[in-house]
Every structure is written in structure tokens, then in C-alpha cells.
């Protein structure tokens, strides 16, 4: 197994995840099997209970793992499915070591950061790297992104584990890529001093960067590269410019042009294979149409809904249609403005804030024949809206929101749950699709597997009344409602699951593909 460790310096939010995913895509384009691990140096066990406004989207894996959004980037760029073991947190590591100590596994030793914590970190990395793909094969290369910034106290045990692994691995099985900021001053000059200090901090920990990826707003020129090469003691070819791209899927192509593949091949002893051009053709595909979609949401931060944004992009690219997204605050938007959009999307979420605005948008889409896609909470609110305005249940609501007729109720198995973390209905579940429905048209098969993250469901006591008034539940998991739709509407479709988590640039999610196609067919904007 060959390992590529990715660290970051100067500041957080530089794009280490996109850099790591892009490196993986470059190697995959050359025929190598690639997997990825994300290290998050926080004490949380996982990302499930973290505030999305601070941390961004909680991405859900097939096994129900609630993880950092970077794992979503890995899955999309590499077209793989990861598991919870591919996300290593300080909380997981410490919990495991403490459990071992309580069992007596250390035979009376004094348990310390070194060697016990670092040994557990190395074990977690190796176990994740060795997991097999569905076809029974294993990865040739494992990417390991170390979250945080070099110098942070939280990252120290992980960086020490990386240092130890360098000594334990063959010289051609290890490479360290350091992502750093090259800012522009008021005169427009690119400054290398932050990079120099970042590399110095890395060296103080016993680590040496084999490749430096320079993040900047514009291309880093030859003179700046030479300066970084000289001061950071590595070949000029190992200084890679990574300017901010218009589209993140273009980053692998830009890094390929910088020659990073050849540098990696030399360090890792990889055969230099021809590059598969299919990624280039996909990313450079031209748009011939454009639609505008309103996303009525609770949070005004795009990273909270990054998988939705990417799924719309995947569908648009497949249909040669550029999808422009307009974010509407569910509590503040003007209802009359909804007529200006080709489609309306209601994303998932939790809590009561903003739900009436979302319900109003759903009603507008239903009554005015505007293409609508609802996801998770959007599915539940579509049920509530229909119950209120078509079934005459004026106080229809969800048990999550308070008193009223609970057309949305708590899942029975949730009634005994006392902890928040990792206790929802999470991960892959199978749904059976009814024949002659929109769901069947979208998926083209009678059984599907999609990822879930919820505690509430359609109350079985109201299903008959809802269906009598025309609502169709077109997919179910046993007695649970998974999809709903409205016959006679151009596109009114909602899912209890999150189809965006399985969308890929090469394989768009069927509900998103159908939604964008309906937006294009019912275009209102210019």
C-alpha cells in the first residue's frame, strides 16, 4: 500500500480536501485504485451533532457514518463508497484507547500519547486503507488528509503518527503533500513568507514536505516557485500552483498540467501510465441551456448544502444545462418572487425555524405547476402542506414542531432513544418502487438503495386520507413511505432519503436529473 499524506499550513479552509481528492482523481485517471481517509482532530466522535453553520454539511456514508463534508468530495471525485472507518477523529481514537485500558489490554502500562495514542492512529489508518472495494480488490494508493493546520495542538498526535509511519514504510510507499497559502499583497505581488514559516513548523515536527501545493487566487509564476523551492529545500518541479478554479472538478486537470502526476510517480515508484481523457471531456462539456433553481433554506451558508449543489451540477452537466442556484432565506423571502424561478427545491434540516416559509414555497410550486424537489424534511413538509390545503387538516404538522395533527410522527424505534449522536435512521436502506409512477420512470427499476438521516416519518394513520386526495407514495420500505409525487403535475417529487449523497459527476442522481430536466422543459426565466 502506498500512502499520500496531505497536510495544511498557514490557515484552515485552504482546500486540502479538494487537493487530496484531485490528486486521487489524477491517479485514478491513470488506472490506479485509490481510497481516502480523513483525519479530524476534534474530540467529537463524529460530525453528527455538530452545528452545520459552523462545520458545514454532515455527509452520510453507506454504513450510516455521519462525517465531514470532505468525505463527500472523496466519494464524488473518486467514484467510490467509503465507510465510517475512513473518518478518524480524536474522539474515536481516545475512546478506543480508553476502552482498551479499562479491559486491561495494556497489562498495567502507563497509557500515554506516545506510543498508545499514536499506535492507535496508525492502526486506524492502515485498517481503513486495507478495506476492500465491492469487487474484492484493494486500493493501490491511500490518501490521508490530516485536518486542521500544522502547529495546532489538536493535530500534534496525528502528525507524530505520520512521522512514525514515514520510518516504518518503504521509501517508495510514502509521500507528504503540504498545502499552503500564497497570498497577494496590496501591490499584487505573491508573498512566500507564510509558506516558508509553515514549512519550518512542519520540519520542527520532524516532517519534510515532498510536494508543496501553493493555494492562491491566481497562478503562481516561475519566479515565486523558484523562491519557494530554494527556501523550502525541494525541487522546482515539486512546487505546484493551485489557483482558485471556476469549478472544483477542473482542479485535477490544472494540477495535472503542473506536473504533479510525474512527481508523485517518481516518489511512489509508480508506472507512468496514459491518462484516461473521459474526466477532461466531462468537465469541459459545454452548456446549451440554463435554468434557475430557488433553494428555500434555513441556513445561508452554501457549505451546509454542498452535496445538493453538486448533485444539481452533475444533473445539469449531463443535460448540457447550467443550473444557477438562488438561495432564499425561508424566513425572509418574498412569496411573489417564486414566480421568477424554473424550479423550487426544499432541502433537509431540523427544527421549527423557517418551516412555514418552506411550506409556503411548496404550496406555490404545487398550485402553480412549478417543478419541485423535496428532500428529507422537504418530503415531510410536502406531506404537511398537502394535508393542510388538500385534505382539510388545518393544524397538520410534525411531532417535531409541537402540538397539532401529527401527519409526521416520530419513528417508533426512536421513542426509547436518549442520546443524540449516531442514533437516527442512518445510511443505506432499500426501497421498493411502485410500477407506473414517476419514481419508476426516474430510476428505471423496482428496487433502489439510498442513504437516510432522519428521526421522523409519515404517520401511517394519515396515509389513506392523503392518498384518497391524490398524493401518491411511490416508494416504500416495508410500511415506511420513502417517495411521494403528484400525478398531473410537471414534476412534484420528494424523497425521505438524501439522493444527493450518491450522486456522482459520471452518474447523476435520478431525482436530480428528472428535476433539472423538468425545470428545462418548464422554463420561465431568460
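Cβ from N, Cα, C; glycine included.
When the candidates 62, 138, 227 are compared with the UTP site entry in Swiss-Prot, which names 12, 191, 192, 193, 194, 195, 196, the shared residue is 227. Record check, Swiss-Prot: ATP site residues include 13, 14, 15, 16, 17, 18, and the candidate from 70, 79, 105, 119 also listed there is 70.
The annotation in Swiss-Prot ties 349, 377, 378, 379, 380, 400 to L-glutamine, and of the candidates under consideration, 434, 451, 455, the one tied to the same site is 455. Of the listed binding-site residues, namely 13, 15, 17, the sparsest CB environment within 10 A is found at 13.
Rounded to a whole number, the C-alpha distance linking residue 380 (L-glutamine binding site) with residue 194 (UTP binding site) is 49 angstrom. Rounded to the nearest whole angstrom, the C-alpha distance between residue 145 (Mg(2+) binding site) and residue 193 (CTP binding site) is 24.
In terms of local Cβ density within 10 Å, 377 ranks first among the binding-site residues 14, 153, 377. Annotated L-glutamine site 349, 377, 378, 379, 380, 400, 455; additional same-chain residues within 8 Å of its Cβ mean position, judged by their own Cβ, are 348, 350, 376, 381, 398, 408, 454, 456.
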